[in-house]
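Step one of this worksheet: look at the structure below.
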Amino acid sequence: MGNTLSIFGKLFDGLFGKKEMRILMVGLDAAGKTTILYKLKLGEVVTTIPTIGFNVETVEYKNIQFTVWDVGGQDKIRPLWRHYFQNTQGIIFVVDSNDRDRVVEAREELQRMLNEDELRDALLLVFANKQDLPNAMNAAEITDKLGLSSLRQRSWYIQATCATTGDGLFEGLDWLSTELKKKSP
């Protein structure tokens, strides 16, 4: 009986088991990437310092194991982003919605990255972060400023978020998980 259950369990896992998804989380420095990563992983706000290099964590949500690579966003290390492109299934691009002075810079970095051949099939989730701040641009304004509507050949979604409260983060993962299931047989 136990052996039958074990075989059934393996079959069940094969049919309905966890899917895995490799996510690259990038954005300009101080956008909130590391805060988002650890809010998703631990459910709490951690004290962060500027990321030199990367942080990587596994986040399980809705039967999907997301491996999230949080890569530093300072201008001097952005050229290193390309070393993380291979096998990336989804990009989370984090924007500081309150930083109107650098939204053009964010757009340029996003467009540069989306032109890379290795990322042509990657899903794009934009987190319009820091929505709790009074002068934050809303998701529609960020969509316009980043030129997202012109992305015809790519699945993309924008989600208003607040990393410190967690608002919007799991809604973004919902979209990623739905899109991943559409792509999977």
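Heads up, the Cβ atoms here are built off N, Cα and C, so glycines get one too.
What Swiss-Prot says about this one:
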- G2: N-myristoyl glycine (LIPID)
- 27-34, 70-74, 129-132: GTP binding site (BINDING)
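Sequence features annotated in Swiss-Prot and their locations in the structure.
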{"residue": "G27", "record": "GTP binding site", "DSSP (3 states)": "coil"}
{"residue": "K33", "record": "GTP binding site", "DSSP (3 states)": "helix"}
{"residue": "V71", "record": "GTP binding site", "DSSP (3 states)": "strand"}
{"residue": "Q131", "record": "GTP binding site", "DSSP (3 states)": "coil"}
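In sequence order, L24, M25, V26, K33, T51, G53, F54, I77, L80, W81, Y84 constitute the residues six or more apart from V71 (GTP binding site) in its chain with CB-CB distances below 8 Å.
Residues near Q74 (GTP binding site) in space but far in sequence (CB under 8 A, at least 6 apart, same chain), listed by position: D29, P50, I52. In sequence order, S97, N138, A160, T161, C162, D167, G168 make up the list of same-chain residues 6 or more apart from Q131 (GTP binding site) whose Cβ falls under 8 Å from its Cβ.
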